[in-house]
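Pulled from TrEMBL, these are the features on record:
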COMPBIAS  1-18  compositional bias 'Polar residues'
COMPBIAS  37-47  compositional bias 'Pro residues'
COMPBIAS  78-89  compositional bias 'Low complexity'
REGION    1-47  region 'Disordered'
REGION    59-106  region 'Disordered'
TRANSMEM  197-216  transmembrane segment
TRANSMEM  228-251  transmembrane segment
TRANSMEM  287-305  transmembrane segment
TRANSMEM  330-348  transmembrane segment
Amino acid sequence: MYQPNSYQSQGYDPNQYASPPPHQKGGYAPGPQNSRSPPPLQHPVPQHPILNFRADAASPTPQMAHHQPQGNMNYYPQQQQQQQQQQQQAGGAYPPPNSNLYSQFGFNDPAAQMGMQFAGTAMAQGQAYVEQNINRWVNVPAVKHYFNVNNLYVINKLRILLFPWRHSPWNRMGRRSDTGQMEGYSPPREDINSPDLYIPVMAFVTYVLLCGLAAGRKGSFHPEVLGFTASASLAIVFTEVLLTRLGIYLLSIPSDTSVLDLVAYSGYKFVGVIVTTAFKQLGFGGMVTWGLYLYTSLCCGFFLLRSMRYLALPEAGTASTMNPQRKRRMWFLLMIAGSQLFFMFLLTK
């Protein structure tokens, strides 16, 4: 604490430098004891203790504790009750107001908690609205069917694409209900002959990146190369699917094949194109590259010839209607298989 006699403890007497009283005779006569100037002022060092605000906040004083609410009292009981009702309606999607999640980020304020809950509800409603609009244009369950794959399926499917003559049988497995009626085909995970979209999509992305790598090695890479390659590849797939669909219509083939099946079959050619392009980038000569191109094209054509047989020659057709059109449908399948040479040549170049 502050000490009033600190000046005297330091040897300073204020009366020593005082002026003589005015009624004293002779006035003020400076003597040897008055010739020196007073010492400089020195501020006393404060002796009071330094407060620790963090410790005070952790352990409040009795005066502070007197004004604090006792127990777990809440200043806003109505707001807390409303929050609990909203949490029960939301199915426990949000943590309780007194949880560590809110307190960690400083959201102990009930107004901030209500704002967080309102934002979460708005995001959930927006997500439901988007999914509802997407289902109007895209059949999401049908698309998920084509991505229902596993690692074993992918490995076996790639082996069939590169060595199709070693595979048998080629018939697809159907799903039947409890009454024995046909309910479509089994997913790719359960049927190796079922078309999927996982391998075509991954092969398409790999092909676009590989073309960008090839352009970079030549010193002519630009971001536009990736866009142009992707657009040209999608145009080739779209053209092939459109021609196949047109041939099915003109030949009056009774088939329930969806467009996604045709997209999957058309996208399998990217596997052979990747193999050919990769060997070309590794520095192999023209003979090896052309040999791989012919081999992968023939493999893709043979694969489509056997896989799409159920499409052009459905088993539901009777002998009277199948025999006159059998040759034309077989020629249609051969055209699809032979067109792989042309389309894969465009993609390789």
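Every residue, even glycine, has its Cβ placed from backbone N, Cα and C.
For the transmembrane segment (228-251), the partner stretch with the highest count of Cβ pairs under 8 angstroms, out of 197-216, 287-305, 330-348, is 330-348. Below 8 angstroms of C-beta separation, residues 143, 146-147, 149, 154, 157-158, 161, 188, 222, 225-226, 229-230, 233, 260, 263-264, 266-268, 270-271, 273-274, 277-278, 280-281, 347 of the same chain, each at least six residues beyond the ends of the transmembrane segment (197-216), sit close to that stretch.
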